[in-house]
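TrEMBL lists A:1-19 with the feature signal peptide. Annotated domain 'FAD dependent oxidoreductase' per TrEMBL: A:5-325, in sequence order. The FAD binding site annotation in TrEMBL covers A:THR44, A:SER45, A:VAL167. Annotated D-dopa binding site per TrEMBL: A:TYR224, A:ARG279, in sequence order.
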Amino acid sequence: MAAPRVAVVGAGLIGLSTALRIAEVNPSCCSITLLSEQFSPNTTSDVAAGMLIPHTYPGTPIHVQKQWFKETFTYLFAISNSDEASEAGIHLVSGWQIFKNPSEAEVPFWSDIVLGFRPMSAAELQKFPQHSHGQAFTTLKCDCPPYLLWLEKRLKANGVQIHTRKVTDLWELHREYDIVVNCVGIGARQLVGDQQLFPIRGQVLKVHAPWVKNFIRDGDGLTYIYPGIDSVTLGGTREKESWCLSPDPGTTKDIFDRCCSLEPSLQRAQDIRVKVGLRPSRSCVRLQREVLSQGGAKLLVVHNYGHGSGGFSVHRGTAEEAAHLVGECIAVLQGSSSKAKL
Amino acid sequence: MPKARSRVSACPHLPPTSCGTIFLLLGTLTWTTVTLWVSRGWTMGTRDSTSQVQSRDFDPIAQHRVRLQALDTQTLDCGAPNKLRCTRGSVEASKIHRGCLENSAEPRAMRIAVIGAGVIGLSTALCIHDRFHALVPQLQLEVYADRFTPHTTSDGAAGLWQPYLSDHGNLQETLWNKETFEHLLGYLNLPEAKEMGLFLISGYNLFKQPVPDPSWKNIVLGFRNLTPKELELFPGYSYGWFNTALMLECRSYLPWLTNRLAQRGVKFFHRKVESFEEMFSQGIDVVINCTGIRAGELQPDPALQPARGQVIKVLAPWVKHFIITHDMESGIYSSPYIIPGSELTVLGGIYQQGNWNEENSAQDHKSIWERCCRLLPTLQKAEIVQEWSGLRPARPSVRLERESIGHGRLRTEVIHNYGHGGFGITIHWGCAMATARLLGNVLQEKQSQSRLSAAAICQTAEFPPSWPRATYPKEVLENMD
């Protein structure tokens, strides 16, 4: 049979990294096309800071999440250490996660994957008089758009076709493609009607404050300062079920004040830009195969969406699993085609 | 305020009698000026510590009377109804009163000149002003330099707070480093930290073999050894440290210091000082010598040698950590280092003892570039923006001490504060405070001297044998060690 035609829908972090992994794992046995309505810098991924600090999915076993994080960290660590690091937007950053409540300061499952994880010393905590405990470590940051653009470049080098297209129904692709990989993020609510998927709205500020070299994250997850290549991301909010993509000025001031209380020099920050993203949240990432059929026609689907606030931390691991599922789909197709020959 | 300040020490070459005549004439001029002021009805009033010394109102006769009354003696005069013309009617008698006034210290300006406007000179000036301006209102601080920011040695440095690996048992320097770090930490949580060029930064020190922990391990934040995973980032290095320290960029810090000094009325003079004598002949009372690498031009010092450095400044904003490698054989800062600043990242690794050349060398450029790119391959994509060379003022130890120049009544004081090598920024505030303490000693001694000479001159039976220690307020005396 002809090489299976694979379409990846979605050009955020998950779509791009999944398409790349499929191309790497199945080099010549399928053709891959990437379809998306939005591209960088207009994806949800572009709003995120891209910090490798995992989110815990209640619906996924910890060892699986740990594996995903480890694969992602190892992959990005190698890039950060190569001469492609600056183009890919991947860099190491050290800093602190601080807690007001000692009970929150447990050692997380990922502490041995990031670098140099240890409790903060009393001297370090003096910088944060309102917090009583903290953890210091070094992790990686993926700056977007650079990382997404770098992924797009790698895709093209791997022969992946990229088209701008709004897909309103996966079935519309059944004639042109054999396998569809669904990486549409928050769009899955509409596209496949997944009611378990819901937005958690995040508003952030991106500011020019190049003297800030360390990250600071409040353990409550609401206030954070993440220094990137050309800007520092100040956050944030976690508003469940809010679909509003417009920046809220009151929220902007609140974020700024909260961050300035952790890092007073931010009062001198310039060039403040406000962004909003809808985290595609779910109790667990939907990583599974599905077969759509109408009449005699079939479409094999691999879902890879619902990463919530943890997309960057696990993207390579879930891309790996999705590529594996695509491999299974290819095997199914080849099996049925050989059956057809008999 | 008389501009011509007559002092015996100003004309060491003239015989005493001619001197005496000159001073008598000058003294008369002084008296005339003074009485004109008095006759205009200006009163001594309260001291406004923010006003310049020159503009202070001055009533020497009233002050003289007040001082005598403070001695808790009978109201006293030498019997002359008119102090301008003492009835003792002799040159000596006039001298007595003139001596009383001149040596009653307070009204006369105390001129302190700081030579040098790098990080050492400016911070020392600020420390001195902080410590003494309110308590010694006649203090007049001046800064002399032929180079100001951004043309000083300090401006070229990356600005990382980090002492050398070993203090060679010099605990004094370790203490000054600590005082500097803690002083700077105090500014970290203020918004003006940005104006100062001050921020926290974390990073790596790398070695090819295990080494003892440094003297500063408990001064910096979060000091620890590197994990094996971290060492994977740096092939060729098998041991290292991680810690969080401070950056203090002099391109911002020196202007910040300059602004603070200017706001407080400190005067700046853009010129090269050729000798200490030049300063004293202009009426400077104490010289603070912060001339760095060129201290030898004011006074030969074979212990002071240049340790030439060269750096390349690049645009590499993805680098968030300092990386300093060490080669225990070739010596400090002769191994590549990468230090990210607020705008540019500094690449270096040159330390050439005895090399006075301030020009950039193509060979050094190549050496820095190749070694740093090997250390951090991603630097190959960095755009080169600037190149700079400078001379670290290297010395076996910092010269921080007093020196009396001249003898007897011609004796003047220099306080040296130079020779900070490649750790000037790291140690600057501790040295500034130590210099200020030495100045305190000098000021106290000058005050004692003036009491003694005043007592010697104003010898009448009514004066008690011991002059009370009340000329300076008690806060000043308590602060002098």
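From the backbone N, Cα and C atoms, a Cβ is placed for every residue, glycine too.
Distance between Cα atoms for A:ARG279 (D-dopa binding site) and A:THR44 (FAD binding site): 7 Å, as a whole number.
Summarising model confidence by region, the domain 'FAD dependent oxidoreductase' (A:5-325) averages a pLDDT of 96.
The Cβ neighbour count for A:THR44 (FAD binding site), using a 10 Å radius over every protein chain in view, is 25. Cα separation, A:THR44 (FAD binding site) to A:TYR224 (D-dopa binding site), rounded: 18 Å. Across the structure, A:VAL167 (FAD binding site) and A:TYR224 (D-dopa binding site) are spaced 35 Å apart at their Cα atoms. A strand conformation is recorded for A:TYR224 (D-dopa binding site) in the three-state DSSP classification.
Counting only same-chain residues at least 6 apart in sequence, those with a Cβ under 8 Å from the Cβ of A:SER45 (FAD binding site) are A:GLY12, A:LEU13, A:ILE14, A:CYS144, A:LEU148, A:GLY311, A:PHE312.
Taking the Cβ of A:TYR224 (D-dopa binding site) as reference, residues of its chain lying under 8 Å away and at least six apart in sequence are, in sequence order, A:ALA49, A:MET51, A:PHE215, A:ILE216, A:ARG217, A:ASP218, A:THR233, A:LEU234, A:GLY235, A:GLY236, A:CYS259.
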